[in-house]
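What TrEMBL says about this protein:
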- 7-28: transmembrane segment (TRANSMEM)
- 48-67: transmembrane segment (TRANSMEM)
- 79-101: transmembrane segment (TRANSMEM)
- 134-158: transmembrane segment (TRANSMEM)
- 179-201: transmembrane segment (TRANSMEM)
- 213-237: transmembrane segment (TRANSMEM)
- 249-269: transmembrane segment (TRANSMEM)
- 289-310: transmembrane segment (TRANSMEM)
- 322-339: transmembrane segment (TRANSMEM)
- 345-371: transmembrane segment (TRANSMEM)
Amino acid sequence: MNRIPLVLRLVIAIFLGFILGSILGPLSREGYALAAIPIQLLTTFNGLFSNFLGFIVPLLILSFVAVGIGELGQGAGKMLGITIFLAYTSTTLAAFLALMVGTGVLPNVLTNGTVDLNTIQNLNEFLPNAYFEIAMPGVFSAMTALLLAFVLGVGLASSDKNSALFSSVKSFQEIIEKVITNIIIPLLPFHIAGIFASMAFGGKAIEIMRMMAIVFVLIILMHWTILIIHYIVAGLVKKVNPWILLKNMIPAYVAAIGTQSSTATMPVTHRQMVKNGLSEDVANFTVPLFATIHMPGSVITVTTCAIAVSTIMGHSLDMPQLIGFILMLGVMMVAAPGVPGGSIMASIGILESMLGFDPIMISLMVTLYLAQDSFGTATNVTSDGALAFMVEKVVKKQKAS
């Protein structure tokens, strides 16, 4: 099962969940009581999974943000600071692009009859009751975890990498990453299957899938828009044809679609950057760093999905909320684990605390995000090739002065 790509597993899960719910829903409405049993079992599993995810998220934020800040703080001085600033600025501007397009397009498209919102709001009313629930309260809230991570990260940045404190926090981070890799990611398809089975059971899956198709197309268009913007700027900085630079990075884009990992794509990214004329030392420095902190494709997806889910669920969000969310989202990308779906896992805490998303909305967010995770990753690594030229330009100016 692990050899099957995550995206394919999710597609299979959506299809099977849809088929199961579509068959059992009409039977249940005709009076066959046994038809609801499989859906109730899946609903029970989904409740347990959501509660466990809520327990893990603050621990994920604490460990990954603390280690991320600690490791960045021990880096190469001024060059590191410049690189982080450029990466955060690029990531945040990409999210603001998604905010402008998403708020301008999605409410109009999703409320003009293309998608019947009345059939998909208040999904909880249509989910069969779980057989039982087990409360799994978090050790602390997501915001407390974030504040604690900043404090701890500052301490780690000023301590030796071989210190007991750094080793302990790093080991804790590795434990959380194993939980994500070995428990949460493998169980996600079952969770998604349960969500779609429940929605199909209540006659709502068709509208959700129609909404997903609209959002998917919009996200891909924005991915390529931000890539074109990146490479136009890079072309001006490098004084070469931007289309040649972008064309040379296509192998990295394709490789990232296959691996769904910026880290796993690093050899290809490095090779294509050097082919574009980037100096070897800047490539050696920026490729591993950008693979961790530069996520324009991911934030476009998260922001667009958040707006889409809020729209279809009738969950009102004001602009100050969304702006604050985006500014924090750029920080959270540093905490994203280097596994498929890591960015959305790191974002769950602020989706809940800053945007007020409930478990159903989080489930829809995860589904929407993972359906195109590979394209977001491809956008991340391809844009790295453009931003690296800006780092090189700044470094050369500093050396000349």
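Heads up, the Cβ atoms here are built off N, Cα and C, so glycines get one too.
Remember, TrEMBL labels are computer predictions, not curated facts.
Here the listed stretches are 48-67, 79-101, 179-201, 213-237, and the one with the most C-beta pairs under 8 angstroms to the transmembrane segment (134-158) is 48-67. For the transmembrane segment (48-67), the list of distant contacts is 133-142, 144-146, 148-150, 152-153, 156, 169-170, 172-173, 175-176, 179-180, 184, 187, 190-191, 331-332, 334-337, 345-346, 348-349, 352, 359, 362-363: same-chain residues at least six beyond its ends, Cβ to Cβ under 8 Å. Contact between the transmembrane segment (213-237) and the transmembrane segment (7-28) is not supported: fewer than 3 Cβ pairs lie under 8 Å, counting only residues 6 or more apart in sequence.
Outside the transmembrane segment (345-371), and at least 6 residues removed from its termini, the chain residues within Cβ reach (under 8 Å) are 6-7, 10-11, 14, 46, 50, 53-54, 57-58, 60-61, 64, 123-124, 141-143, 145-146, 180, 184, 188, 191-192, 195-196, 208, 212, 215-216, 301-302, 305-306, 308-310, 313, 315, 317, 321-322, 324-325, 328-329, 332-333, 335-337.
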